[in-house]
Amino acid sequence: MRLPRRLKIKRFHKPSCSSILPKYPGCPFSLNLSLSFLNFTHYDVHLQMINRFFPNVYYSVVIPIILLSTSYSAKIAPKCRDTDMNCAVWVATNTSDCENVELVNSHCPRTCQTCGEPIDPKYDVKLLPAKLKSIAWMVGRWRSEFGGKAFFPTIPKFTYGEQVDITIADNSQDTHTPLLNYTAFAWDINMPDGDPTEIHSENGYIAVEYDKEQEKEYVSLNTAMSNGFMTIEEGESGPNQVKFRLQRIGRISFSHDSAVRIMFREWTLLDENRLEARLLMTTTITRRLMEHTAVIYKKIYP
């Protein structure tokens with residue numbers, strides 16, 4: 001039987017799976033090869049070619065198309081991720097829900113750790129003390145490469161990158177006031193490649209207290225900043241959201257006086273992978289409340 005004129009065959013050594021897919025040595029998965037035939041009447045010739053040169057390859061026949069083409073694809077497991085923004089709070093509130101509640105089991109495989117690598121204990125919401133369970137959605141490493149926007153009448157507008165880490169403090173289980181560690185690092189995206197140039201950083205703690213008389217839950221954030229200021233902020237906690245208001249501000253003795261009079265910091269979980277942060281303030285110059293920074297982070301761990 002003669003081959004179609006259009007089909008040109010060159011002799012070559014039988015390839016190994018690793019030579020076909022150098023990124024996957026040993027090829028621990030099945031390889032799919034599909035061929036579109038020039039002429040269906042010669043399909044048996046093509047099958048003979050496949051059997052000769054690719055004896056261990058699974059193939060599928062695609063009936064007549066105009067051009068001859070080959071393609072392969074690796075069967076890779078689906079990404080291990082949660083599909084509901086409430087997963088952290090659900091699992092923190094009742095860890096047994098991972099096994100006993102179908103909704104949690106099916107939508108929260110990463111938080112339940114039914115797939116992927118084990119989660120670092122600092123980020124494992126199953127280990128959260130009872131007081132912190134309502135803000136379990138905060139826990140994680142959040143990052144925006146270049147999505148931060150800063151604007152205010154007294155400064156030029158600019159864009160920045162920022163990473164926020166919120167983890168379980170080491171001694172949270174042993175203290176009367178369990179805490180989350182909070183760190184934030186912002187950098188100038190306009191600098192040359194290399195180590196990012198810091199423009200601002202913050203380090204502090206997050207705590208939760210329930211007011212029985214008012215039947216409200218309050219969240220506090222106290223921070224020390226790289227510009228020499230220290231702040232204490234408090235606010236009410238809501239479902240996947242908290243709005244802090246500045247209560248106290250201090251500074252080192254040789255730092256300039258703060259012009260901030262009122263400040264609000266809002267954190268809102270938009271979905272299972274995105275956290276929005278906004279900061280609004282009024283100063284001795286502006287006199288009215290205005291937005292100062294806004295950024296949407298992507299969750300990069302766990």
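Using the three backbone atoms N, Cα and C, a Cβ is placed for every residue, glycine included.
Per Swiss-Prot, the residue from Cys87, Cys98 that shares a disulphide bond with Cys112 is Cys98.
Bond annotation: of Cys108, Cys115, only Cys108 is listed by Swiss-Prot as forming a disulfide with Cys87.
Just so you know, the Cβ of Cys112 (disulfide bond) picks up 21 other Cβ atoms within 10 Å once every protein chain is counted. Counting same-chain residues at least six beyond the ends of the domain 'ShKT' (80-115), those with a Cβ under 8 angstroms from any Cβ of the stretch are 124-126, 128, 132-134, 136-137, 139, 240, 269-273, 302. Distance noted between the C-alpha atoms of Asn181 (N-linked glycosylation site) and Cys108 (disulfide bond) is 24 Å.
Listed in sequence order, the recorded positions from Cys80, Asn94, Cys112, Cys115 having a Cα within 10 Å of the Cα of Cys87 (disulfide bond) are Cys112.
Around Cys115 (disulfide bond), taking its Cβ as the centre, 12 other Cβ atoms fall within 10 Å, counting all chains.
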